[in-house]
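Have a look at the structure below before the remarks.
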């Protein structure tokens, strides 16, 4: 671990971030390439192997980062604080970023509401609609149990968000800021590494799913563009709030919603909701992420970092 009087050079910080990003991808292929294990016999076994690899990479990255950063104390609260894992102002770190993120999905939410209203009218409204809702509520426990045993649910809503936010936000951003990078440089540098970690999707699209080279390139290109945009937003949330919970729950929400709906034929309200949501998002981006709402310090962002690192 670095000690007082020491600092991190920019080259060391960038090298460390690149190494963690590359490691995050390469370790996914460790079971078959390095350990020479036979190919997974099922999709579930394949995903469980990847979950274990992602967990190992995440723990290794957290330890690696702790030794590089000039952290002034080995106390658990201090180290966890560097990673944005905090209990103070937790509800603010969850609720406000979620409300902000939901504005981007205003059109998707309106479309879901319109579908619900159409279904309500088709069922005659009133008691029949109430019975329909009651039946839906009764199916929730079974749906939860089914989801708990679904590896895709675990991947999209637990393993991927948790490991990616810990590695690409909690580890990389403190390194870049401690090395002297400007805040907005860190915000846009992390997403580049975040998107590179998704390049393995091209191999899966091209080889595993037997897509053409052009189609695989277009699909992965769209995914990379989306991950860069989301990565920048997640980095912004992490730096402004100092809470890992902020980008984590936004990540889970975005994985659940998918891409925002821009247009729905015959439903102009959806397009209007999208435009209104974008305007609201831009207008509230800074007001809803004021550092003072998430911290007791009067310092400017990143107000949480100074408590934990030598300055």
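Any Cβ shown, glycine's included, is placed from N, Cα and C.
The transmembrane segment feature in TrEMBL is assigned to 12-30 (among others).
Per TrEMBL, the feature transmembrane segment maps to 51-74 (among others).
Summarising the annotation, TrEMBL assigns transmembrane segment to 94-115 (among others).
The domain 'CAAX prenyl protease 2/Lysostaphin resistance protein A-like' feature in TrEMBL is assigned to 152-257.
Among the features that TrEMBL reports, transmembrane segment is placed at 166-197 (among others).
Here the transmembrane segment (218-238) has long-range neighbours at 84, 97, 101, 165, 168-170, 173, 186-188, 190-192, 194-195, 198-199, 201-202, 205, 211, 244, 246-247, 250-251, 254, 259, 289, meaning same-chain residues at least 6 beyond its ends whose C-beta is under 8 angstroms from one of its own. Per TrEMBL, the feature transmembrane segment maps to 218-238 (among others).
Look at TrEMBL and you will find 244-262 (among others) tagged as transmembrane segment. For the transmembrane segment (244-262), same-chain residues at least 6 beyond its ends with a Cβ under 8 Å from one of its own Cβ atoms are 83-86, 90, 93-94, 96-98, 101-102, 104-105, 107-108, 111, 156-157, 160-162, 164-166, 169-170, 226, 230, 233-235, 237-238, 270-271, 274, 277, 294.
Residues annotated as transmembrane segment in TrEMBL: 269-288 (among others). Same-chain residues lying 6 or more positions outside the transmembrane segment (269-288) and placing a CB less than 8 Å from one of its CB atoms are 96-97, 99-100, 103-107, 109-111, 114, 260-263.
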Sequence-remote partners of the transmembrane segment (166-197) [C-beta within less than 8 Å, at least six residues beyond its ends]: 7-10, 12-14, 16-18, 20-21, 24-25, 57-58, 61-62, 64-65, 68-70, 82-85, 224, 227-232, 234-236, 238-239, 244, 247, 301-302, 305, 309
Outside the transmembrane segment (94-115), six or more residues from its ends: residues with CB under 8 Å to it: 233, 237, 241, 243, 245-247, 249-250, 253-254, 257-258, 260-262, 264, 267, 269-271, 273-274, 276-278, 280-281, 284-285, 288-289, 293
Overall pLDDT of the domain 'CAAX prenyl protease 2/Lysostaphin resistance protein A-like' (152-257), taken as the mean: 86
Helix, strand and coil counts within the domain 'CAAX prenyl protease 2/Lysostaphin resistance protein A-like' (152-257) (DSSP): 92 helix, 0 strand, 14 coil
